[in-house]
Each structure stands twice: as structure tokens, then as C-alpha cells.
Amino acid sequence: MLIFYAKYAFIFWFFVGSNQGEMLLMDKISHDKTLLNVTACTQNCLEKGQMDFRSCLKDCRINGTFPGALRKVQENYQMNMICRTESEIVFQIDWVQHSRGTEPAPNATYIIRVDAVKDDNKETALYLSDDNFLILPGLESNSTHNITALAMHGDGSYSLIAKDQTFATLIRGYQPSKMGAVNLLRFVPQPDDLHHIAAEIEWKPSAESNCYFDMVSYSTNSVNMDEPLEVQFRDRKKLYRHTVDNLEFDKQYHVGVRTVNIMNRLESDLQWLPIAVPSCLDWYPYNYTLCPPHKPENLTVTQKQYLPNILALNITWARPRYLPDNYTLHIFDLFKGGTELNYTLDQNRSHFYVPKITVLGSHFEVHLVAQSAGGKNVSGLTLDKVHRGVLLSEGNMVKLVLFIIVPICCILMLCSLTFCRRNRSEVQALQMDAKDAKASEFHLSLMDSSGLLVTLSANESLEVMDELEVEPHSVLLQDVLGEGAFGLVRRGVYKKRQVAVKLLKDEPNDEDVYAFKCEIQMLKAVGKHPNIVGIVGYSTRFSNQMMLLIEYCSLGSLQNFLREEWKFRQEQNAIGLKKNLEQNVDNRRFNRLPRNSIHDRIEDINNSMLSTVEEESESDQTHSSRCETYTLTRITNAADNKGYGLEDIENIGGSYIPKTAEAPKDRPKRKLKPQPKKDSKQDFKSDNKKRIFENKEYFDCLDSSDTKPRIPLKYADLLDIAQQVAVGMEFLAQNKVVHRDLAARNVLISVDRSIKIADFGLSRDVYHENVYRKSGGSGKLPIKWLALESLTHQVYTSQSDVWSFGVLLYEITTLGGMPYPSVSPSDLLQLLRQGHRMKRPEGCTQEMFSLMESCWSSVPSHRPTFSALKHRLGGMILATNDVPERLKQLQAATESKLKSCDGLNSKVEQVPCEEELYLEPLN
């Protein structure tokens, strides 16, 4: 027994710790009476308060006085795991009080036995602690342990807390899982700062019960986009609850908590908690010593003019329930060099009369400031100065109403009734004509004007005509280009010009009509520019017959144009590989090399690779992992255009045209080639029912016998496209127009490769790709193209369009690639706030990527202007020592036109250069 006791004592001495809990490890010691006696003696020594835990244990080990008898009792202890890591398990022993009990928790020293469960053996370790918060260190990762706990008292009584409860450590390099819920417990005051309050936050453990957490918080009302505040929790005793201080009254905050693995810097997603801080007057009920008063309500100003520039003002406001200390009234004349008057008013005032004030300008401002010891609040009005001639006395005003205004109103009512009756009869006649028109067969190539007649509402009236207002029957509607939820777009001819006609669907609601008119007003206000899609005309006299005529761009959207270029390059690479393989086979046959098993194997591999490349070239219908899925095999009469709508087709009468009515997929693609002018007399000899158009650029040309080989895009061509977009956006910025949705899908391209920007400030309902996310209302937002300030504060400026232009450069460089290919729209905002941006794509020069990065600056004022972008892109084009294909074609067309118009030295009859006889495209 003496030897066993010495070994027991030696191990106690060897593993004594010095932390607050004074945990002591005793390895390879059995659970026996010696251990219980030493523990009881130690606890008895601690209760006397003469020595600390280490000294008591040492004294009991040498000269200890043991209790007379050990006895087991039943007590209300509970052991709970707090957290764990790869090498630690943290748990706490709590005294559970009865529902009616009030006795305090008894003093005890805890004995903890840890059995490590292994395949071939069982290792046991013993711990002693006078603290109920226990940390078991030095454990193996991903190991299981059975824990038994005893509570030992100084009188020799002990109780069993837990027996063989199983706990496990985490695996090495674990990935922290999703956080638990984060809740707001309460707001608490800050005694040292009465102008701020604090919030107590509580969160639940993560799924793996990790021990380390990070917390970030920021104010959503911040205008300078400050960095979020971060707090790291590394003390295991301070988990799951924290107080966020220095919160400003009446502000919005976001608090996020995540769990982290500090060994390899892995972390989980943030779990966010929005916090709405109460106002100062709600926290300190109407304490104007600490809080500013409410702003004055119902501020009104009545003015009278007796002499030129001399006014009398009667200013009134609502009397508040809780009065401020005083008011200050400020009156400002906005004219240069105008006067400023200031008045200090008593707290009981609710009105003030200014008998005479000189106002030189046409506008002036009135500000009423409510002041107290806690601050001030202001209400203001900007007013137009009334003229003396329009001011009448009350008696004259009554006479004016009785003898002039009332008779005029009666006359207007009679005229309105007469007009409504005449309009109702005209509408009924139109309805009868429309029913007859719907019964006739609809022809896609030519539509009679009666086919446009639809049912009109009785309460609709004609709008004021202007130079762009067109008659619906003067527009020849042809095939459908696309359709969306808002309406559909057809190809049409108006005054010998090819146009795109945007129509509303049958029975549009008020919101559709309003959005359609807003789109027309925007296009009219922007004006004409070579790189902006222009308006040709519109018809808005009846809501069921509204149409918008815009320029027709035959090559469709820039996005599809770039993706077709990407596919063309892939096919050319496959063809080149095929030719190289065939040439290698011919060379081997020409040299008449002796065939053996090795050469046979090489030829088989080459043939297999050739067939694989051909299959991939034929079946590849997608871009790459960075692009959205889209169909390349569909051939339509016109290229897809986002501004023209998509999906199913509906005619103007509302009948459905199935997709099988489209051109067959295997027909050759339409080649755009100008045709020579023919004799007009010969043209009109054909069938009168069939109309022939001279300009083949906008119509199907299925004869592919005389087709030109496709010219691949060069780097100079891509730079030319980007520069044209910058020129168009520069024009919009100079006219104070913010696009808000600049992307390749909203840029159109003509047959001569000229660029036209479309869909600026227009409706978004025709979009079908997953690049738009719902905003707070019914609108949608293009998340991956929006600037950081647009995502966080809904701020849209020309600088935010520059950010979108940088994303457009990424699309051009990658030939239609999807921005942020591996990031979902819901995660993008967090990454942008952390400073993440897209990496340089493959094949992109450093100069181009630097231009992209300058557009993505988090500070809007640090981004380049569109004028600067235009000049930088122009310099990059000159640096290539190459001329874009568009400029070459433009130069060749100009020279050809000059030669054709010069008939002095030619004996051949020349075609007249009168362009008005041709169908002219607007692009």
C-alpha cells in the first residue's frame, strides 16, 4: 500500500497545473479509496481557506487527515459538453436546483476519468479539478472517449455525476459547418455613454460544436461603406453570448457570426442578424435633455404680395405634445445676394407672422428648427414667390368662382358627354370590323391593315399627334422575332425601311401601358446617335393597338454574336486538327514505312482522336464552364435579340403559332449580302399579291451558292466593339441618362459590325436567363453586372454604369462568357464587400485586365469616365497595328459608292445613286 501510495503521489506531483481551475492529471491510477481520501482531504483544506489547491493537495498527499468513512450520496449534478476541437473537449458541471429549492451549490472537488477507446487496448487518464469548467487537452483527433465524473466533498461524501458518457474529438482539418441561429436578447444601456446603447447577442452552437467563432457587424446606414468590425472569440468560457456596444440610435445594423477552424483558417458561412436600434426618444421617453426633439410637423406658409418683391408671410405648424426648448425660424432668399432673416421663437408658439420681407428671386426657403439641450431637428420648405396679379380678395374670389369658373365647368361637361357618345359609336364600328378581320386567314409575309384592328375600350381617347406618331395600318408586319411576358416583337417595314416593331399583348393592364409609354419617352429623350438604338415611330392612341418602331439590327445581340464566334473558333480548331491528322497519314503512306504493330497502333489512335474531335465539334452546343447554357443549332429568320423578346410566338390577334412553324433547323444560315438593283418595271410584272424588296440584308436568302467565308474576329475587332460601346455610353452620360443594365445581351450589332446600345432604363420582363434576381418590389436586378453601391444602397449613376462596362469587357474578352461563373448571385455581394474581383481570363492581355479592374473600384469616383475609356481603347487599337474589319468594310463601301456614282468615263449604263428607291436599314 505504501508503494502504491508513493506512485500515486509522484504522479500527482508531476502533472500539477497552475491555471485557475487547477486541473491535475493522474495517469495509470486505479479508482480506489486512496484517491477518494486524498481528494476529500484536499476539498476540506480548501474549505478552510488557508492554502490554495496545489498546496492543499501536496499537504494531503504527505500529512493528510482523511475522513473517518467514505459514503456515496445522491446529488443533482449535470455534465454538459460546451465545445470541442481536434485535440480538446470542453465541458461544464452544473448544480441543478430543485424547482422550489433555494440552497446554494455545495463545494466540491471533481474527479474525472477519461477512457480512450482504441482497437487493441484501453488507455485511462484521471483528472482532478476544483473548477466546474473543464478542458481536456492533448487528445487525439477523431478519437472517442468515455468520461466518468465524481463530485467529492470535504466530509467524505461523494456523488456520481456521469458514468461512461461518450464524447469524440473532431477530425484533423475539419471544415466548420453552418452556424446555429443568432438572436437578439435585449438592448442594454451604456453607463459611460448615454448617447449610444448596446445589444446583447446570443447564438447557438454549430453542428460540430466547434470552440472558435468570429463576429462581424456594420451599419447599413453608413454612407462611406466602412469596413465591418470583427470580434474573435478564442476564450472557451465566453462563448455563445456577446454584447455589441456603441450602437447609434435609430440606425440599422447587421451582425454576422461564423465558426472557424483556427488551425487551417477554414470558416463557415456567416449567419446574419438584422438589428433595428430604437430611436433616442423611444429609449429615453421624451427626454429632451439627452435627445433632440421631433421635427416640426405640418409646416405651411401662406404668402401675400402687396408691392413688387415685398411679401407678407404667415407661417404655421402643428403644436407637438412635448414642447422643445425653443424654435428658430430661418428665411432664405435664393437670389444671389438675397437677404436672410432669423427669428428665435418661444416653445409655445405654433405660428408666426412676417409682415414684410424682401424677396428678389423667384424662389425662397423657410426652415423651422426645434431645439433642446439634446439636439435639434429641422423641417424645411422651398416655395415659389407668388405674383401680385394672381392675389385676390376673398370677395373677388367668390365672384370669380360663381360667374366664370362654374359656367366653364358646365360647358366642358357637356362637350365631354357629346364627345364620349361619338367616340362610343366609332368604337362599336371598329369592333365590328375587327371581328371580320379575325375571321380571315393570317399571312406572315404580308398583313392587311384590317388585321390590326382590335377591341377598343370605350373610355379611350386619342392622344396628341407628333412627328413620330404613326398610323398602325402604315406598318407592314412580318415574322415574329421574339416574345416575352410584356409583349412581342415583329419584324416590319415602315416607309421602305426595315424596322423592329414592339407590340403589347392582348388586353394589357395599366402597368404594361404605363411602362410601354415610359419606354417611348426614354427613347425620344435620348436622341440620335450612331451607337444608340434609335426610335423610328410609335402609335399610342389606343392601348390595345400600341406599337413602338425601333431600328432593326440583323445580327442580334452582342452576347449571341460573341458566342457564335466562340463556336466558330472551336470548329476551325477541330477542322485544323483533322487536316493535320490526315496529312500525317498521307506522309506515312508516301514514305511507305513498313507497317508493324506500333504504326498500326498510332494510326488507330489518330483515327480515334479524329472521330472524337468531329463528334465534339458537331455536338458541342454549350460554351464552357464559365458560360451559360445556350442553343447554337437553332436558326431563325433573325438573330436572337434581348430587346426583341424570346420564346413562344403570338400574332397580333392573339392566336398561337407553334414552334414547328419556324424554319427547319437543318436549313443553311442566312447570309447577308446586298443585291444589285434591278429594273423597277420588271419587278412590277410579277404577281401583285407578292411584294419584292430590293434590300436582301434584312430578309431570308437561302441561296448559299455564293457565300463568303466567315472572317474570324481579331483582337482589334474586339477592341473596336468595346470602343463603340464606350462611345455610346459617353453620349448617354453626357445626356444625364443612366443605363442601369449595361451587358452584352443589351447591346445589338448590325451587319456592318456597328454597335448599338439598347434597353437603357426600359422594362425587364422579356428576360429569361438566370441573371436577374427579384428586388424589393416587382422589378428584377442583374446582380452580376451591378456596381457595389447599387447592390448595397440602390445608387445608380454613370459611375455604376462604368462598373457594368468592366463586366462587359469580360464578356467580350471571353467571347460571351458568364461573369463570376462559380459564384451564385446570393453570395456575390459578400465577396465584393471583401474585395474579391474576377481573375484575369485566359487569353486576356494585362492591359485589358487592368482596364477591367479600374472599372471595378469600390470607390465610384476612382473609376474612369467613359470618355477616358474611349481614349484608352482607341490607343489599344492603334497599338495592335491592325485595322478593325468594320473600318475596312466601311472604307471599301465608300470607295465602291464613289466608283459607282462616277459615270463620266464609263460606257456602261450605271445604276442611279438615288437611295430613296431602296429599302434602307437604320443601322
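Sequential numbering from 1, following the chain as shown.
Placement of Cβ uses the backbone N, Cα and C atoms for every residue, glycine included.
Considering Asn287, Asn459, the record held by Swiss-Prot lists Asn287, annotated as N-linked glycosylation site. What Swiss-Prot records as N-linked glycosylation site, among Asn326, Asn606, is residue Asn326. The glycosylation sites near Asn348 (N-linked glycosylation site), taking a 10 angstroms Cα-Cα threshold over the set Asn63, Asn298, Asn314, Asn326, are Asn326.
Distance noted between the C-alpha atoms of Asn314 (N-linked glycosylation site) and Asn146 (N-linked glycosylation site) is 85 Å. The 10 Å shell around the Cβ of Asn63 (N-linked glycosylation site) contains 8 further Cβ atoms across the protein chains shown. For the glycosylation sites listed here (Asn298, Asn326, Asn377), the lowest count of other CB atoms within 10 A around the CB belongs to Asn298.
Rounded to a whole value, the Cα-Cα separation of Asn287 (N-linked glycosylation site) and Asn377 (N-linked glycosylation site) is 14 Å.
Taken residue by residue with DSSP, Asn37 (N-linked glycosylation site) is part of a helix.
Per Cα geometry, Asn63 is the residue among the recorded positions Asn63, Asn298, Asn377, Asp741 nearest to Asn142 (N-linked glycosylation site). Annotation: Asn37 carries the greatest number of neighbouring Cβ atoms among the glycosylation sites Asn37, Asn314, Asn348 [cut-off 10 Å, Cβ to Cβ]. Counting Cβ atoms from all protein chains shown, Asn342 (N-linked glycosylation site) has 11 others lying within 10 Å of its own Cβ.
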